[in-house]
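**Q** My questions will all concern the structure given below.
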Amino acid sequence: MISLTPSTIMRTLCLAFIAGVAFMSWGFVFSVTVSVLGLIFIIGQHQSLNTQVCIGLLCLTIVGMSFGLWRYAQSYPSDRSIASIVGQEVLLDAVVVDTSVNHSWQHLTFSDLRVGNQDFADRLILTTTSYPRFSYGDQVQVRCEIETPEPIDNFAYDRYLATKDIWATCFSYQVWKKAEGGGNVFMTNLLFVRSRFIGKMDQVFGEPQGSLLVGLLLGEQRFTDAWQDRFLKTGTTHIVAASGYNISVVLKIALAFFAMINIKRQKAFAFLVSAIVAYILLAGADAAVFRAGVMGVVLLLAYQTERKTSMVNILLTTVVVMLMVNPRLLRDDVGFQLSMVSTIGLIYLSPILKNKLRWLPENFVIRESVIATLAATFASLPILLLQFGTFSFVSLITNVFVLPWIPLAMTWGLIATLLGFVSVHLGALISAPAWLALSAMLWEVKIFAGLNFYAQSIHWIVISIVLVGWGMILLRIFINRNSYVLN
């Protein structure tokens, strides 16, 4: 019989908090889905519940959901938001905290907003010409009309900006730099390291391989419009984003590699955690990279503890902490969603696939590479369908061919870039495996993008079938919960 142990209490509160955030994010329909998943979870306990325990779980659920509802309500813009003066033309003083540049335009994210004697607490994004260039910490003055962000086609651009605490946009040619060095000193140094890191990638790999590696490792979009269109046509835009999907797959293969060469689990764990921390710093502590790194550490902790019950608690606690910081991630940040579900897939689906794919060779960690890629990809499929609502056979085929190259490209790409700081020639020599993997990925994307197949809209019935299939897998996992130790 289930007792209200500390583990049960924490798990119930975490699930209830997530359900509260989900209700505020999606509304009634999604709350029903969460309730069904909760029912599957309870059935999966495979034990009876007495009245006293049911009342305790109900009280915990109410407390957790109430806190989730309250936290999401706090994420709406306050009276001190720049959105309160939408429609007005203003002379704005601000500090640049982020930049994104393409061939024709640059997008500047501002904080420390001030109009006249009035200060604003959130951020604003400005679109202006690509020159003159601005950088982090520049203090600027802008004359523009404050506008409300709008969705772009099927992309909820307004909701996406809300995850970054941006509630208003503006466009202007009139931008004047007043001073430099207005940002945080620590962030200034980190961004300097990031720029050096990207520059070294360009030196070692060249184009377009360098741009693809920057996207894989740092999530920065630097491709031309032609390449962006190819990634869009083949449904592979998600690979050039910093998410736990890429990092988790690489970590899973690294764990298998260390086991193969008989390095103890504790030493491998310490080395990989240190590598993740260094990677986050090299990436400039970008929010998306930080979250991806955290999910990578969660995966390592899960395998370190070995007990699946502990894995659930670690993962739930991590998700709740992230949502407490930014509750809008759950619905509107695809990178967060992919990080979460790919980690779940690697923890729970990998053992199932391992039993089914014993015929694959273990040499060079081939079996673990295939298992990790399939587990993360299958776990991510519902998210991709729900977010984009389209599907094509070209997308499916391209992902099957492209995804297996990611671990090789990321691992050797990172090693080659680091060695490039010692000698560019040494880095170029070591980069051969990564360069071949990146070139193969680009070639496959280019070939499949040229095929005359069109994406088909996915009906909600198809998406429902995928979600029901996932629910059945989760039910099977919970029913077979007596196996606590990972193979």
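Every residue gets a Cβ built from N, Cα and C, even glycine.
Copied straight from TrEMBL:
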type     : residues : note
DOMAIN   : 26-177   : domain 'DUF4131'
DOMAIN   : 216-475  : domain 'ComEC/Rec2-related protein'
TRANSMEM : 12-43    : transmembrane segment
TRANSMEM : 49-70    : transmembrane segment
TRANSMEM : 239-263  : transmembrane segment
TRANSMEM : 269-302  : transmembrane segment
TRANSMEM : 314-330  : transmembrane segment
TRANSMEM : 336-353  : transmembrane segment
TRANSMEM : 365-385  : transmembrane segment
TRANSMEM : 391-408  : transmembrane segment
TRANSMEM : 415-438  : transmembrane segment
TRANSMEM : 458-479  : transmembrane segment
**Q** Quick check: do the transmembrane segment (336-353) and the transmembrane segment (314-330) share at least 3 Cβ pairs under 8 Å, counting only pairs 6+ apart in sequence?
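**A** Answer yes: the transmembrane segment (336-353) meets the transmembrane segment (314-330) with 3 or more Cβ pairs below 8 Å.
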**Q** Do any residues of this chain, six or more beyond the ends of the transmembrane segment (314-330), have a C-beta under 8 angstroms from a C-beta of it, and if so which?
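**A** Answer is 10-11, 14-15, 17-18, 21-22, 24-25, 68, 71-72, 75, 159, 162-163, 291, 294-295, 298, 301-302, 305, 336-337, 340, 343-344, 347.
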**Q** Give residue numbers and ranges for long-range contacts of the transmembrane segment (415-438): same chain, 6 or more residues beyond its ends, CB-CB under 8 A.
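**A** For the transmembrane segment (415-438), the list is 197, 200-201, 203-205, 209, 212-213, 405-406, 408-409.
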